[in-house]
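The Zn(2+) binding site annotation in TrEMBL covers C64, C130, C131. Taken from TrEMBL, the feature methylcob(III)alamin binding site covers G566, D567, V568, H569, D570, S614, A668. Taken from TrEMBL, the feature S-adenosyl-L-methionine binding site applies to R932, Y986, F987. Here TrEMBL flags 1-145 as domain 'Hcy-binding'. As annotated by TrEMBL, domain 'Pterin-binding' applies to 176-431. What TrEMBL records for 463-557 is domain 'B12-binding N-terminal'. The domain 'B12-binding' annotation in TrEMBL covers 556-689. Taken from TrEMBL, the feature domain 'AdoMet activation' covers 690-990.
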Amino acid sequence: AQDILQVRCAVLAVREAMAEVGREVPLQVQVTIEATGTMLVGTDEQAALAALESLPIDVVGMNCATGPDLMDAKIRYFAENSTRFVSCLPNAGLPRNEGGKVVYDLTPEELAHWHLKFVTEYGVNAVGGCCGTGPEHIRKVAEAIKGKPAPPRPKVFPPQVASLYQAVALRQEASLFLVGERLNATGSRRFREMLFARDLEGILALAREQVAEGAHALDLSVAWTGRDELQDLAWLLPHLATAVTVPFMVDSTSPEAMELALKHLPGRVLLNSANLEEGLERFDRVASLAKAHGAALVALAIDEKGMAKTREEKVRVALRMYERLTLHHGFRPEDLLFDLLTFPITQGDEESRPLARETLLAMEELRERLPGVGFILGVSNVSFGLKPRARRVLNSVFLDEARKKGLTAAIVDAGKILPINQIPEEAYALALDLIYDRRREGFDPLLAFMGYFETHRGDPAFKEDAFQALPVLERLKRRVVEGRKGGLEADLDEALREGHKPLDLINGPLLSGMKEVGELFGAGKMQLPFVLQAAEVMKRAVAHLEPHMERRGEGRGKMVLATVKGDVHDIGKNLVDIILTNNGYQVINLGIKVPIEEILKAVEEHKPHAVGMSGLLVKSTVVMKENLEYMRDRGYTLPVILGGAALTRSYVEELKAIYPNVYYAEDAFEGLRLMEAIVSGEAFPVPKEGQRPRPEAPREVIRAKPVGEAPFIPRPPFFGVRVEEDLDLATVAHYVNRLALFRGQWGYSRKGMSREAWQALVEREAEPVFRRLLKEAMEEGWLRPKVLYGFFPVAREGEELLVFSPETGEVLERFRFPRQRGGGVSLVDYFRPRFAPPLRDEAEWLPAFPQGARDVLGVQLVTMGEEPSRKAQALFQSGAYQDYLFVHGFAVEMTEALAEYWHKRMRQMWGIAQRDATDIRKLFQQGYQGARYSFGYPACPDLADQAKLDRLMGFARIGVRLTESYQLEPEHATSALVVHHPEARYFSVD
């Protein structure tokens, strides 16, 4: 199934048919989750299961769309959470086109390997195969799982509701289940006017506002005297169902309206409400509707006598409804929410004064007597008739008290609830007196509460944003530190009107804010993305002030900055530019691949205080050394700061023998500290502990064991090179190394954090950015994955690897790789010698066999195209520094993921993927047979060999070219030699 609403419709129809014929058979429902991670309509696995668990289904599961690797996390969620039997029927991997035919690469052994994991680790009950699988696949699966024990499965599914897109727990762990109240024609004039005017965009904006403010679900009530409720719902529901991400609480007194809503809203709805006002007949009708459609249900404390107002009445009515709903209709207590009614306590009459207290006391008693049920209240009714500031405080205190008594959900305007610690103590105490009706002689809590707000009109605690209460200079500093952009220009204008000079604002609160940011980053208390957010605020502030300045000076100091010759990587250099520029320094950024002659030309023109050289590659460290020699020989002595991934502090210390005025910066902030010392003439900063130069210990050499002969040579599906362009980004994204992305590329640090705190940070900050960028890349097309790959007959001859032409048998290229000293390993050892006796039937299928070919080499080149670099540079130039970091890092790791993914596809084509680790994290640790080796790394360090690979493959076929220093362009591209040998591992060469 691809549509969860159609599933509910089908289940209702099947159950109705079973009832008609008087026969029950097991009902199995399987959903298809695409490589994007959702069903075609956007439903994720949690929303799907929340909907399925609420329906009378015997088996739930997944089938089709992807292979078992992309199903792994989803089927694990099903198995670990569903109370039903769980099934899994994957495809034989993802299809590819080979000569006009659809080919699936997943072998029977691989499918069996995955299903063994699903059964024995997750407890999946039924397994099989879908597209691309055949009898041999099923036979292997049956052999693998026969007699294998499965772990126990859960007996209770946590109460949830769901929209088309996501599920939300009815019991929030650290909060309340908040229901937005503004899509209610009775309670919101704004919504009512938009409904009458058929203002769809306005209604959708109102819905999204509430979601942004923290609502977990939205109350929906369109009933209004004189209007056709069914007609309004029929117009509005199809739009809301697809445009709003959170679930709905359908609020109506009409069973016909409820049924219409249930037929339009996918996922799992919260139905509001059932009550006994008209006796059991209507109550049972509403309860039966909710049960049939799998809805959770609100039960309102009203019976034939009217609304329950006292504690005793509320308890009596609630117990009666509970018994009927659980015993007669079969509801789980967890799927019920009791509304014990909220009445205004602000009218001044004797009857209304104790009503809030009675509700709270009844809830406290029922919490003990009805374990498992939830409680919900419409909070704002308690303060009806008061002025806005007083209402906000009373609503907030009443909500807090209700939570203490057992409240689990609230219908509320989440954006207007104050944290209790932001309410002045006197106002808080008066609100409690009013709620609990603590009248005494000479003291009326209602009058006292209202009077407080007449005498405290200017209390800053009641400002919409307490931030605005700060002095303007402090606000400007906090804006930088906290990355606040909204209202920045207004604050700057206010400061100018107060007589502050633009330059004083820059050198005062704004730079003071950047200094604090640097200190927080250095202490591990601020993550890199938030540093860049602060820099964005700083840049924006300076841009706003510049027109008011008589003359823009050269700032605090000047640096000429460049990525050295032969290196195309600029992220590190640009981070230095961002930090220095937004701390008042002038940076002349020369770009990438800059020769020393061009750097010195800029030095002569701009007269900087220092030169900054950056580079990512090991070769760049050699270029930096040569650059320093060049500068020394020409009499230059100005300070040079070096930085880059391949540099070490000890290496730079050794370079002082060549050029004494050279310094190492581990990161941009150390570069900033060095510039401050250079410009001021003060002593240079002492490196942090752990950074100080020390005699370098002998490098550990990662030695590989002597290589044995491969047991067989896997036969590839073709020889030569092919292009693959029709690639799904969501599938590629599955192979992104999240740890490398979040920590390595984006700079989120786990320093000093518990595992739980780190995971919370990732879920709150990093994962949403990842999902956003993936969605944007898929919709806008700025990642364009292409793969050039192939297989060649090869053989080892001495220390060389010979690559033969599949057509003519001639030797096309010779690769020579370094060998570890003392008889260690060379990459060439992973291939069979020329003219060696065949292991099996290679003579029948291996091209160039007569010329001595005895093995097969895989080759691959992957790229994401030119667009990621253009997009990143545009963000950098516009001052969107945080997004620059995110986009650059995302593109880098998506390129790596494409290489990882296609390596797996090549193993599948070779028929050796059955050894692949099923845990994606282990796959990143070479949890598979063979290895892929890229030029520039220890096993094959000579970048010039890229030219040989280019001649073999023709890089230009997918838009990739080599620079004069044999770097790949565009930047987001990687190449590799793919080795199948079971013992192939990464190693270093001494």
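Every residue, even glycine, has its Cβ placed from backbone N, Cα and C.
A TrEMBL annotation is a machine prediction, not a hand-curated record.
Positions of the features from TrEMBL, shown on the structure.
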residue	record	contacts (Cβ under 8 Å, 6+ apart)
C64	Zn(2+) binding site	T32, L89, P90, N91, C130, C131
D567	methylcob(III)alamin binding site	I592, K593, S614, G615, L616, L617, K619, S620, V623, S965, Q967
V568	methylcob(III)alamin binding site	I592, K593, T963, Q967, L968, E969, E971
H569	methylcob(III)alamin binding site	T563, I592, G615, L616, L617, E971
D570	methylcob(III)alamin binding site	T563, G591, I592, S614
A668	methylcob(III)alamin binding site	G572, L575, V576, I578, I579, L580
R932	S-adenosyl-L-methionine binding site	G858, Q860, A899, H903, A976, L977, V978, V979
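You'll find the Cα of G566 (methylcob(III)alamin binding site) roughly 25 Å from the Cα of F987 (S-adenosyl-L-methionine binding site). DSSP assigns A668 (methylcob(III)alamin binding site) to a helical segment in the three-state reduction.
Most Cβ pairs within less than 8 Å of the domain 'AdoMet activation' (690-990), among stretches 1-145, 176-431, 463-557, belong to 1-145. The domain 'B12-binding' (556-689): residue composition by secondary structure is 58 helix, 24 strand, 52 coil, according to DSSP. Same-chain residues that are not part of R932, Y986, F987 yet have a Cβ within 8 Å of the Cβ center of the S-adenosyl-L-methionine site turn out to be Q926, A931, Y933, Y937, A939, A984, R985. Taken as a whole, the domain 'Pterin-binding' (176-431) shows an average pLDDT of 94 in this prediction.
Taking all protein chains in view, 30 other C-beta atoms sit within 10 angstroms of the C-beta of S614 (methylcob(III)alamin binding site). The DSSP breakdown of the domain 'Hcy-binding' (1-145), given as helix, strand and coil counts, is 67 helix, 24 strand, 54 coil. Remark: of the binding-site residues Y986, F987, the most isolated position is Y986 (fewest other Cβ atoms within 10 Å of its Cβ). DSSP gives F987 (S-adenosyl-L-methionine binding site) a coil state; it is part of no helix or strand. Across the annotated binding residues for methylcob(III)alamin (G566, D567, V568, H569, D570, S614, A668), the two most widely spaced Cα atoms sit 22 Å apart. All protein chains considered, the CB of C131 (Zn(2+) binding site) has 18 other CB atoms within 10 Å.
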